[in-house]
Amino acid sequence: MKGISLLGATGSIGTQTIDIIRSNRDQFELVAIAVGKNLELTREIINEFHPKLVSVQNQADAAILQREFAGISKILSGDEGLIDVAVHPDANVFVNAILGSVGLVPTLNAIEAGKTIALANKETLVTAGHIVMTRARDRKIPVLPVDSEHSAIFQCLQGERQKNVERLIITASGGSFRDKTREELLDVTIEDALHHPNWSMGAKITIDSATMMNKGLEVIEAHWLFDQPYDKIDVLLHRESTVHSMVEFHDGSIIAQLGTPDMRIPIQYALTYPERTPTNAARLDLTELGTLHFQKMDFNRYRCLRFAYEAGRRGGTLPVVLNAANEVCVQAFLNGKIKFLEIEDVIEWALENHVPTANPDLDTILSVDQETREIVTKHLVSRFH
Ligand SMILES: NC(=O)C1=CN([C@@H]2O[C@H](COP(=O)(O)OP(=O)(O)OC[C@H]3O[C@@H](n4cnc5c(N)ncnc54)[C@H](OP(=O)(O)O)[C@@H]3O)[C@@H](O)[C@H]2O)C=CC1
Ligand SMILES: CC(=O)[C@@H](O)[C@H](O)COP(=O)(O)O
Ligand SMILES: [Mn+2]
């Protein structure tokens with residue numbers, strides 16, 4: 001029996017992780033969860049799984065749940081609660097499905113505590129990939145990708161030698177606005193942006209898919225996970241989201257991983273690795289599909305992808321700024337405060353105004369993350385109000 005601790009239990013990846021645990025109760029036990037503000041769903045999860053530890057974002061919500069679930073679950077709150085969930089003594093695998101760079105510190109604590117890491121939270125590697133991967137390597141802790149493209153690449157690399165890899169090929173659906181020109185993007189709505197053509201996901205990553213920042217974050221994530229330089233990581237536009245990513249080898253072979261767009265497949269692979277266990281995910285019917293399409297990326301159309309490659313290549317604290325500015329801008333767009341194309345303008349402004357620190361330590365990363373949020377928030381107020 002594997003004990004699972006789960007950050008982001010009420011989110012898109014979190015609830016799908018719980019679906020897997022529910023369908024495989026003989027294999028997995030949900031021992032600790034962290035959530036944000038969705039108390040209704042949290043109550044349902046506690047009633048069904050009786051996790052030993054539950055952490056919520058706010059102290060006031062923790063007090064409410066403490067009264068309701070006394071004697072069933074220990075209830076904590078805030079950043080300390082996230083860490084206690086990540087290192088819970090009964091957990092073997094730590095699933096990080098929280099949103100945003102708040103996922104970084106719990107991951108580092110879980111590594112120190114010797115937990116296997118199943119990582120959906122890409123911000124962890126974007127902000128501090130050098131620290132996370134070094135500490136995991138030193139302690140021999142597996143960091144297993146949950147993100148579909150990285151799971152695909154990880155699967156393609158099984159049994160292969162690093163020295164034989166020529167390039168990683170990450171696929172991109174193009175997101176909700178892939179058929180629109182830049183002029184047509186000027187006045188798009190939040191509802192339109194939230195309409196991903198292939199995947200059902202949380203709001204923030206759905207907007208990231210539309211701006212192509214999601215792919216940019218994934219390029220940086222792949223750089224750290226698979227130890228490849230940026231000039232060996234390519235992105236291809238692939239409308240069908242059927243080939244989840246590929247690896248090209250020195251001999252000219254390309255190995256790809258295919259499947260229907262269902263996150264339960266990569267989540268379950270990370271939970272059971274190196275085993276593969278059955279899922280009831282819909283099967284891919286290649287004859288029904290008929291054809292697959294691949295196109296070169298246009299870096300002028302998708303400026304956020306260019307910003308991410310540049311930030312990744314220059315390194316230091318630039319990816320921290322890229323990510324923090326993006327988190328603030330996407331939230332502002334979702335709150336109706338800025339227009340869609342202003343997301344990338346403000347991210348560019350934040351990157352241009354940052355003096356990077358090379359090889360930052362954790363304290364520097366956390367303070368640059370916080371400062372960027374404050375600077376960008378102020379900039380949005382002065383620019384648009
Ligand atoms: N969705 C997907 O298919 C994929 C997602 N990912 C990555 O996985 C991560 C999660 O994405 P997704 O599931 O879509 O996001 P969601 O918005 O659906 O879920 C986010 C989860 O994090 C919780 N949360 C947010 N902020 C805090 C906080 N400060 N403290 C405690 N809990 C918090 C939310 O709680 P609550 O709702 O209770 O407020 C919720 O449980 C992201 O990094 C994303 O990029 C990667 C690949 C695919
Ligand atoms: C499911 C998943 O991993 C997402 O990151 C997904 O890949 C988003 O798709 P696009 O960013 O390619 O639109
Ligand atoms: Mn992905």
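Indices start at 1 and increase along the chain as displayed.
Placement of Cβ uses the backbone N, Cα and C atoms for every residue, glycine included.
Per TrEMBL, domain '1-deoxy-D-xylulose 5-phosphate reductoisomerase N-terminal' is recorded for 4-129. Sequence annotations record features per position, and here TrEMBL assigns NADPH binding site to Thr10, Gly11, Ser12, Ile13, Gly36, Lys37, Asn38, Asn121, Glu123, Gly202. Sequence annotations record features per position, and here TrEMBL assigns 1-deoxy-D-xylulose 5-phosphate binding site to Lys122, Ser148, Glu149, Ser173, His196, Ser209, Asn214, Lys215, Glu218. Summarising the annotation, TrEMBL assigns domain '1-deoxy-D-xylulose 5-phosphate reductoisomerase C-terminal' to 143-226. Residues or ranges marked as Mn(2+) binding site in TrEMBL: Asp147, Glu149, Glu218. Annotated domain 'DXP reductoisomerase C-terminal' per TrEMBL: 258-374, in sequence order.
Features recorded in TrEMBL, as mapped to the structure shown.
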| residue | record | Cβ neighbours (10 Å) |
| --- | --- | --- |
| Thr10 | NADPH binding site | 22 |
| Ser12 | NADPH binding site | 20 |
| Gly36 | NADPH binding site | 20 |
| Asn38 | NADPH binding site | 17 |
| Lys122 | 1-deoxy-D-xylulose 5-phosphate binding site | 27 |
| Glu123 | NADPH binding site | 26 |
| Asp147 | Mn(2+) binding site | 28 |
| Glu149 | 1-deoxy-D-xylulose 5-phosphate binding site | 28 |
| His196 | 1-deoxy-D-xylulose 5-phosphate binding site | 20 |
| Glu218 | 1-deoxy-D-xylulose 5-phosphate binding site | 28 |
How many angstrom lie between the most widely spaced Cα atoms of the 1-deoxy-D-xylulose 5-phosphate binders Lys122, Ser148, Glu149, Ser173, His196, Ser209, Asn214, Lys215, Glu218? 19
Counting only residues outside Asp147, Glu149, Glu218 in the same chain, those with C-beta within 8 angstroms of the Mn(2+) site's C-beta centroid are Lys122, Pro145, Ser148, His150, Ser151, Ile170, Asn214, Lys215, Leu217, Glu221, Ala222, Ser245
By DSSP, what is the split of the domain 'DXP reductoisomerase C-terminal' (258-374) into helix, strand and coil residues? 68 helix, 3 strand, 46 coil
Taking a cut-off of under 6 Å between Cβ and any atom of ligand 3, tell me which of the binding-site residues Thr10, Gly36, Lys122, Glu123, Asp147, His196 pass. Asp147
Under 6 Å from ligand 2 by C-beta, which of these binding-site residues make it: Asn38, Asp147, Asn214? Sequence order, please. Asp147, Asn214
Which of these binding-site residues (Asp147, Glu149, Glu218) have a C-beta closer than 6 Å to some atom of ligand 1? Asp147
In Å, rounded, how far does the Cα of Asn38 (NADPH binding site) sit from the Cα of Asp147 (Mn(2+) binding site)? 23
How does the domain '1-deoxy-D-xylulose 5-phosphate reductoisomerase N-terminal' (4-129) divide up by DSSP, counting helix, then strand, then coil residues? 61 helix, 27 strand, 38 coil
Glu123 (NADPH binding site) to Asp147 (Mn(2+) binding site) - Cα separation in whole Å: 11
Listed in sequence order, the binding-site residues within 10 angstroms (C-alpha to C-alpha) of Lys122 (1-deoxy-D-xylulose 5-phosphate binding site) out of Thr10, Ser12, Gly36, Asp147 are Asp147
Do me a favour and check the Cα-Cα span between Glu218 (1-deoxy-D-xylulose 5-phosphate binding site) and Asp147 (Mn(2+) binding site); whole Å is fine. 8
